[in-house]
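Inspection log for the structure reproduced underneath, given as structure tokens.
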Amino acid sequence: MWVIWCREMSRLSGGLIYSIALALVWGVAYPLTRMAEAYASPMVISVVRVGAASLLMYPLARRLILNSRMLIVSVLNMGLFLVLINMSILYSPNPGLAALMIYTQPLFVAVFEWLMLKRRLSLMRIGGVLLGFMGVAVASLSSLSLSLGVVVGLMAGLLWGLGTVLYSMWFRDVNPLVANASSSVLSIPVTALALPIDPALSLTIKGILLILLVVLDAQVLGFMLWFKAISSERPSTVSSILLLTPILALYFSALMIKSSVTPLEVVGAVITIIGLFMVVKSS
């Protein structure tokens, strides 16, 4: 199976390569964020992420798209999405459960593609998405329980799915630098409104460096790859490959912050990889 997987990887399109790179980048972002949360609340990190990204990206983009459509996409994919992610992490029994709920997004993307873009999905692609989600579910099975964090995480997955399809419809040919800068700027007031939920902040050199690493990894590099992937590949394909992110987060967490990995998480990772293989093959 590994040989077959490697052979298929050599044939990947640019959009698929961006998607896989993004899964790695956002997988690393999870333990980085956990480390940064020792010095700042999730809400503070959200504001800093979009604020710092705006300062970094605008000089590179040199222009912004500030219209109603970009505002909608920005709120769904970045502003409100970040707030919901952090609320889900805050109120879930553990962040892994929050990641599971958020990565129901590919299922919502498939539904919105069918409803809004009239695209038909092959049986293999549908099976790959479902199998990938099943793998993520198995990996997080030991901590599954209903809570406010679960509901908020599902809301984040739904909004991200809708935002992914809308971006593909409206801004497919937009320069990713411009899209990233525009979304970051328009997301500042959204994240700022959530700041009173938890404004805790401890300013230390280590804390500042960790927060900056989160900004560079998850926000600047992450969203640039995301915009490139969505511009180059079908949203359902990108979203399906991103199912690998919570699995990668488990292993990067074990490596970086010494989190333990359970047998269920290993089984879930294998199931997810098989699902991803089906999605890539159907592309």
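For all residues, glycine too, the Cβ spot is worked out from N, Cα and C.
Note that TrEMBL annotation is computational and uncurated.
Going by TrEMBL, these are the annotated features:
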- 15-140: domain 'EamA' (DOMAIN)
- 148-280: domain 'EamA' (DOMAIN)
- 12-32: transmembrane segment (TRANSMEM)
- 38-58: transmembrane segment (TRANSMEM)
- 70-91: transmembrane segment (TRANSMEM)
- 97-116: transmembrane segment (TRANSMEM)
- 123-142: transmembrane segment (TRANSMEM)
- 148-170: transmembrane segment (TRANSMEM)
- 177-197: transmembrane segment (TRANSMEM)
- 203-226: transmembrane segment (TRANSMEM)
- 238-257: transmembrane segment (TRANSMEM)
- 263-280: transmembrane segment (TRANSMEM)
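Using a Cβ-Cβ cut-off under 8 Å and counting only residues 6 or more beyond its ends in the same chain, the transmembrane segment (97-116) has close neighbours at 30, 85, 88-89, 126, 129-130, 132-133, 136-137, 139-140, 143-145, 149-150, 152-154, 156-158, 160-162, 164-165, 169, 234-236, 239-240, 242-243, 245-246, 249. Across the range of the domain 'EamA' (15-140), the DSSP-based residue counts are 104 helix, 1 strand, 21 coil. Taking the domain 'EamA' (148-280) as a whole, pLDDT averages 85 in the prediction. Looking at 12-32, 38-58, 148-170, 238-257, the range that has the most CB pairs within less than 8 A of the transmembrane segment (70-91) turns out to be 148-170. With pairs at least 6 apart in sequence, the transmembrane segment (148-170) and the transmembrane segment (12-32) have fewer than 3 Cβ pairs within the 8 Å limit; the two do not touch. Between the transmembrane segment (203-226) and the transmembrane segment (38-58), three or more CB pairs separated by 6 or more residues in sequence fall under 8 Å, so the two stretches touch. Note: the stretches the transmembrane segment (177-197) and the transmembrane segment (38-58) are in contact (3+ CB pairs below 8 A, sequence gap of 6 or more). In terms of DSSP secondary structure, the domain 'EamA' (148-280) contains 110 helix, 1 strand, 22 coil.
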